[in-house]
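For reference, the structure discussed in these notes is given below.
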Amino acid sequence: FVAELAQSDRRQFLLCLAGFADLFCVSMVITCLPIHLKQIDMAPFYMGLFQSEYGAVQIFSSSICGRLVRRFGARNAHSLCCVASAAGYLALGLGPPDFPSLASLRLITALFKHTQTLQRTQLASSPDVSESRRIRLLGSHSTLSSLGFIVGPMVGGVAFDFGGFRLVTGLACVGFLTVGIATAVSAAAPAAEVAPKSSGRSSRPTPTSSALSAALAVADLLALQLPMSLAAQLFRHNFALALNSRFSASSAGAGLATSLGAVSGLLSGLSIGPLQSATGLGPDRLVLLAAAGQAACLSLASSGLVTSLAQFAAAQAPLSFFNGLARDAYPTLLRCRLVSSSFACPEAALTDAMAASQSVNSLARLLAPLLGGCVEAALPGHEAPSQPAAALISVCLACPLAAAAPAVNWLQSRRGRLAAGCPDADRKSR
């Protein structure tokens with residue numbers, strides 16, 4: 001991991017550090033936000049509505065991110081989103097403590113907090129980088145991001161006890177401003193990052209039609225991502241309450257199980273490079289492996305074979321590993337598919353595809369609580385019924401779609417011109 005960061009150039013190194021700072025700041029805020037809402041006596045219904053607002057808005061705000069990239073380039077759009085996110089978090093901490101005001105201020109971060117997607121897009125579209133190294137770079141970014149998500153809640157809790165929610169949002173504002181300024185003054189952007197409007201091609205399709213074309217080119221991968229993300233979100237629905245009903249686990253026990261999942265997610269970023277080097281698997285095979293591993297972990301953790309919290313943690317921890325594996329391999333697989341489809345501007349098409357992917361994740365975050373509530377209402381006497389439902393979705397939907405992904409990827413590569421960036425992935429698919 002350290003050697004991989006040492007080999008990266010300054011821009012790639014800054015993007016990996018930006019991933020750490022990003023989730024560090026976000027985890028500080030989301031850890032303290034429910035406590036802050038309870039302190040201002042917000043009703044439970046409005047608390048749930050307030051927390052669901054973010055995912056609902058991000059379903060549609062991904063297209064804004066794509067337009068910013070086409071207008072200003074990926075690096076400048078990332079800096080702009082960082083500054084806007086900093087302003088949004090600062091306003092959230094300083095705003096009036098009532099639901100209409102807080103909901104309006106949260107729209108700022110919901111609209112522009114696509115910084116993780118833009119970081120991964122820039123790493124996935126790095127020029128003159130082999131596919132294996134591109135996946136290792138994404139793994140390094142995922143490792144540092146997971147580390148930020150582990151450290152952030154601890155720092156946020158201490159800051160909240162010391163200075164309240166305003167101090168937490170102030171620290172998040174400073175963090176995002178630092179990331180935005182650092183990436184803005186980094187080395188000059190490569191030619192691939194120049195906005196499409198400056199290339200002089202007047203016959204290029206409009207951004208709306210290009211975004212739709214990019215999404216249609218990877219429609220099968222988006223269809224695979226939805227059940228995988230939905231299963232993972234549904235499994236974690238009311239996680240602490242589910243562990244309490246199944247194993248009489250305390251809040252500390254549920255927190256320990258969650259931390260083990262975060263640590264295993266960190267390990268996935270460290271191991272994806274050695275795993276690919278040892279097995280020679282392309283990104284499509286890695287996604288297939290991740291889907292099969294996710295289905296196995298969900299089925300085991302939801303089954304009656306697990307009778308204690310320790311056994312549950314041992315069965316659940318690999319779930320984050322396989323989710324991280326899919327998250328790291330997915331952008332490279334999207335890029336290979338778009339390059340094989342002969343898009344005129346692969347980086348802009350990749351941004352549109354990543355924006356569509358972010359919308360799918362947001363849709364899963366929105367559907368999981370609704371579906372989990374319906375399952376729990378239909379099976380009131382069952383202990384944590386949403387967990388077996390998550391395993392069922394993963395086995396019946398995600399695994400068949402993931403098994404078809406290598407074949408579809410090969411057919412796409414055979415039908416289009418294979419660009420120089422993806423020869424290894426096509427050879428392994430064959």
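Residue numbers in this text run from 1 along the chain shown.
Backbone N, Cα and C define each Cβ position, glycine as well.
Feature annotation (TrEMBL): of 60-83, 108-131, 252-275, the stretch labelled transmembrane segment is 252-275. Counting Cβ pairs closer than 8 Å to the transmembrane segment (287-314), the top stretch among 12-37, 143-162, 168-189, 252-275 is 252-275. In this chain, the transmembrane segment (143-162) lies in contact with the transmembrane segment (252-275); the count of Cβ pairs under 8 Å, excluding pairs fewer than 6 apart in sequence, is at least 3.
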